[in-house]
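Record features (Swiss-Prot):
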| type | residues | note |
| --- | --- | --- |
| TRANSMEM | 37-57 | transmembrane segment |
| TRANSMEM | 87-107 | transmembrane segment |
| TRANSMEM | 113-130 | transmembrane segment |
| TRANSMEM | 134-154 | transmembrane segment |
| TRANSMEM | 167-187 | transmembrane segment |
| TRANSMEM | 274-294 | transmembrane segment |
| TRANSMEM | 310-330 | transmembrane segment |
| TRANSMEM | 331-351 | transmembrane segment |
| TRANSMEM | 364-384 | transmembrane segment |
| TRANSMEM | 385-405 | transmembrane segment |
| TRANSMEM | 416-436 | transmembrane segment |
| TRANSMEM | 462-482 | transmembrane segment |
Amino acid sequence: MSNFPWLTIIVLLPISAGLLIPLLPNKGNRIIRWYTLGICLVEFLLITYIFCNYFHFDNQFIELKEDYNWINLLDFHWRLGIDGLSIGLILLTGFITTLATLAAWPITRNPRLSYFLMLAMYSGQVGLFASQDILLFFFMWELELIPVYLLLSMWGGKRRLYAATKFILYTAGSSVFLLMGALTMGLYGSDGPTLDFENLANRSYPIGLEIILYLGFFIAYAVKLPMVPLHTWLPDTHGEAHYSTCMLLAGILLKMGGYGLIRINMELLSHAHSIFAPWLVVIGAIQIVYSALTSLSQLNLKRRIAYSSVSHMGFVLIGIGSTTDIGVNGAILQMISHGLIGAALFFSAGVTYDRTRTLFLNQMGGIATSIPKIFTMFSSFSMASLALPGLSGFVAELMIFLGIVSSQNFSFLFKVVIIIVAATGIILTPIYLLSMLRQMFYGYRIIKNLTSYVTDAGPREIFIFICLFFPIIGIGFYPKLVLSLSNSKVESIISGNFSSK
């Protein structure tokens, strides 16, 4: 226990420090870069300190809970806390954001605003995962929108305004359902309004209302996850955004949807979740295959990786829909694993673009000998993405399959069909990833005289590569590093709300 407001500090520190960026000396970008990187490092060290000193692996309850009165009318409090669902994603947020800040160093146009927006995203993401108030959860959810929109529209590619507008329309439009659901849950009942997750977990709703609430929240999460057919904003966004922004999107932003499904839909609306769980599994299986096939047809490198992300998030839907301990833990592991792998792939694509000045696979070829270090790391991360044994993706997908097999909520025929469909997606994954590597690095060199003006990865880029690769290997060989964080909490959710384990 601690009376010190640790969580409030880690939520407010990045955005508060970002407000000081305009006061820094205007002597090039060096001071701004190091200042922002220093803030990110301090934040990540604080998160690590909190994890090491105040998080207990066998505790299923909220720890370090902070509750400060904010708006009395709606019982709107500044409520924060950590548990097994949130701590892993908070650590992932700190890790990926720090590396994304380092990856953004080549940005030279208006770096003050760029780094401030990244720090604002940092606060919003940590705040969302630490929120214990449903309206505060919505507030942090919305805090992401403007920074991403500006990062995309100001530092994106040729079609950046189209992609940014599409992003804001999809995400802001779906957020209306999140707000309506949050207010309805908070105001429902005769015992007065409450927005506290702990109190909401003890409330019951008429099944019709619970289904409506579930669907409202689900629409918001389906856009962020993203879920087919609400996914079309993601390839456009990734295709136009700077690769440091892509790292934040793939590494953290998509995980907000999966986290919301577990935190609110599964934990607070368990009866409705039991009804819709088979549909989550079906949609997840279809998404895996559809996105894999679509990825195979993409000539743009970043769009191919984006569709790969959509495909991999289909496994998260299947794991959450399985309503089993091993399946839900597998979904959480998949979110963290993909957060690392997705960020790594987009960084690899970005540094490759910095050298070739093209993202189109049919304009590359034979560049492996010119950039062997980038080739090695790009290939390694692609192997992780196709779930090679010994790397993090393999364990997560295996657990999700075991979750479906062990579930008592589905018929044998249903399980067989889902496994066959999902396995088809797994077969397609190495096809589109290996063909991507072949088109980029092997064959005839299309870009002439590449070696005369291109250098391989430098110290900064190699450092980012190594920092991303070690956790992928570590989780692959010892997945208990992540599973021990969420196991107790997931077990309490399943045993308390669902009959099948």
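Glycine residues also receive a Cβ, built from the backbone N, Cα and C atoms like all the rest.
Values in this document were obtained by computation on a predicted structure and should not be read as measured data.
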Tertiary contacts of the transmembrane segment (385-405), as residues 6+ beyond its ends and Cβ separation under 8 Å: 281, 308, 312, 315, 318-319, 322, 324-331, 333-334, 336-338, 340-341, 345, 415, 418-419, 422, 426, 429-430, 433-434, 471-473, 475-477, 479
For the transmembrane segment (364-384), sequence-distant contacts whose Cβ falls under 8 Å of one of its Cβ atoms, 6 or more beyond its ends: 337, 341, 344-345, 348-349, 351-352, 355-356, 358, 391-393, 433-434, 436-437, 439-447, 450-451, 454, 456-457, 461-462, 465, 468-469, 472, 476
Beyond the flanks of the transmembrane segment (113-130) by 6 or more, those residues with Cβ under 8 Å of it: 7, 10-15, 17-19, 21, 32-33, 35-36, 39-40, 43, 47, 80-82, 86, 89-90, 93-94, 97, 100-101, 104, 107, 136-137, 139-141, 143-144, 146-148, 150-151, 154-155, 244, 248, 252-253, 256, 259
Positions whose Cβ lies under 8 angstroms from the transmembrane segment (331-351), at least six residues beyond its ends: 85, 88-89, 92, 96, 99-100, 103, 238, 242-244, 246-248, 250-252, 254-255, 258-259, 262, 301-302, 305, 308-309, 312-313, 315-320, 359, 374, 377-378, 381-382, 384-385, 392-393, 395-397, 399-400, 457, 461, 464-465, 468-469, 471-472, 475, 479, 482-483, 486, 490
Remote residues contacting the transmembrane segment (87-107) - C-beta distance under 8 A, at least 6 residues beyond either end: 10, 29, 33, 36-37, 40-41, 43-44, 47-48, 51, 55, 114-115, 118, 121-122, 125-126, 129-130, 155, 242-245, 247-248, 251-252, 255, 259, 332, 335-336, 339-340, 343, 347, 350, 354, 460, 463-464, 467-468, 471, 482, 485-486
